[in-house]
Amino acid sequence: MGFKIGLLGLGTVGIGTAKILLSPEGRHPLIQELEIHRVGVRDISKTRDINLPSDILTTDLEAIATDPQIDIIVELIGGLEPARSLMLKAIAHGKHVVTANKAVISRYGPEIFEAANEKGVYVMLEAAVGGGIPVIQPLKESLGVSRIHSVIGIINGTTNYILTRMQKEGADFADVLADAQNLGYAEADPTADVDGLDAKDKIAILASLAFGGLIKLEDIHCEGIRQVTAADIAYADRLDFVIKLLAIAKCDPNNTNPTTDELQLRVHPTLVPKTHPLASINDVYNAILVEGEPIGQVMFFGPGAGSGPTASAVVSDIMSIAAILKTETEPIAHPLLSCTHQHYCETASMAELVTRFYARFLTKDHPGVIGKLGTFFGSHDVSLESVVQTGVHDRLAEIVVVTHDVKEGNFRQALEEIQSLDVIDSIPSVLRVL
Ligand SMILES: NC(=O)C1=CN([C@@H]2O[C@H](COP(=O)(O)OP(=O)(O)OC[C@H]3O[C@@H](n4cnc5c(N)ncnc54)[C@H](OP(=O)(O)O)[C@@H]3O)[C@@H](O)[C@H]2O)C=CC1
Ligand SMILES: N[C@@H](CC=O)C(=O)O
Ligand code: NA
């Protein structure tokens, strides 16, 4: 018995998926039982890097989502609508859904999973986070044994590619972004990548799985990489750090029930010590470091975007569903594959966060400026780990400060007072340090 696939979207990931399905040799034997039944696109006349019989292509995506012959709908069109409605329609017609769409799942996950649970079908999303890296399934299965304390990831390939090339070549942000788009890494609208929104969607999904509750996107603090300059990358390098866009979900490891405690949820460019395992993750690669009890640290590493790797995750989900369809006669929710979270996780305010900071100041070149910075920081309980004055440019001194662990609220108050001092010209960058 074969399984019929309705593919929605034949772009970067859709083409990669179709290519795997069309060449099953040497892969898992189940793949031979998967058949592309129909493919939905926006423009049938487009030239594509794949040969499919032209009569299976259509622009009527709803007809695919409701086609009684189709077992599994694979949503690879991206964006919120019509992707969400098509998934819901497919579920209502008793079809399983595989998607790479983190934007829809992070916003409408509760609605979609509730509908799927009611209908006894699966919604699988391995490709939505970490591209080809198996991380969703391990979090649902093997890591479910551990109490997870933190998930820290480099989970946007485009920004990691940009930051790596800025670091290695001193390259210009705009040129590197154009390359990432040409390579098929970036979203249709790359602001989602650059402003951290794609990573925010993904950490919402990872946190929900790791901490066993629903996550509201608005609870996640998010900063992108637009404000990261070549100067900061160079200073970080001198101080033995690299700058990475990190997505972080953490609970207090002393609490044994992370589902009811406050979580830290944040995405921001971060100075990462060069000795940290995440510091060496470069280019389009992603990595997710998971820490828990009793597992300790586990790191998942691999290609976080791109046609083939992402398609590999899509097909692995199709295979998991096909395996269940082959062995189960009744549609019952497999407890390790379905999602049944009910409550929303609580999040801690950023003011309460305890972290180290890096800040770069442009000041008048007067004696005693460093002393003044020390005094204002000190009066807010902010102690300094290092202070470097690197020289004078345009009659302004550049001073870089790294703090010890401090409360973010205290640090921000000190900065506000420092900013109003006569000797301060500007504070061009403030970044957190891992
Ligand atoms: N690219 C990557 O590396 C990764 C992407 N993803 C996710 O995978 C999904 C797909 O991304 P990607 O392949 O890059 O996207 P593309 O833009 O390359 O492809 C989108 C495809 O969907 C079709 N499409 C879009 N909107 C419609 C519509 N309204 N009606 C009919 N067809 C439509 C397009 O048709 P046409 O070709 O005719 O224009 C195209 O074939 C997204 O959710 C993305 O976030 C996840 C991980 C990595
Ligand atoms: N635009 C995303 C694609 C994968 O999710 C990225 O750059 O990581
Ligand atoms: Na993945």
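Any Cβ shown, glycine's included, is placed from N, Cα and C.
Source: prediction; values computed, not measured.
DSSP assigns K102 (NADPH binding site) to a helix. As annotated by TrEMBL, NADPH binding site applies to K102.
The L-homoserine binding site feature in TrEMBL is assigned to E187. When other Cβ atoms within 10 Å of the Cβ of E187 (L-homoserine binding site) are tallied across all protein chains shown, the result is 19.
Other Cβ atoms within 10 Å of the Cβ of K202 (active site, proton donor), summed over all protein chains shown, number 26. Positions annotated as active site, proton donor by TrEMBL: K202.
Taken from TrEMBL, the feature domain 'ACT' applies to 358-434.
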Practice prompt. Could you pull the average pLDDT for the domain 'ACT' (358-434)?
Written response: 94
Practice prompt. Name the secondary structure element type, per DSSP in three states, that contains K202 (active site, proton donor).
Written response: helix
Fill in: Rounded inter-Cα distance in Å - K102 (NADPH binding site), K202 (active site, proton donor)
6
Item to complete: Using DSSP with the three-state reduction, classify E187 (L-homoserine binding site) as helix, strand or coil.
Response: coil
Discussion item. Is it possible to list how many residues within the domain 'ACT' (358-434) are helical, extended or coil according to DSSP?
Written reply: 23 helix, 37 strand, 17 coil
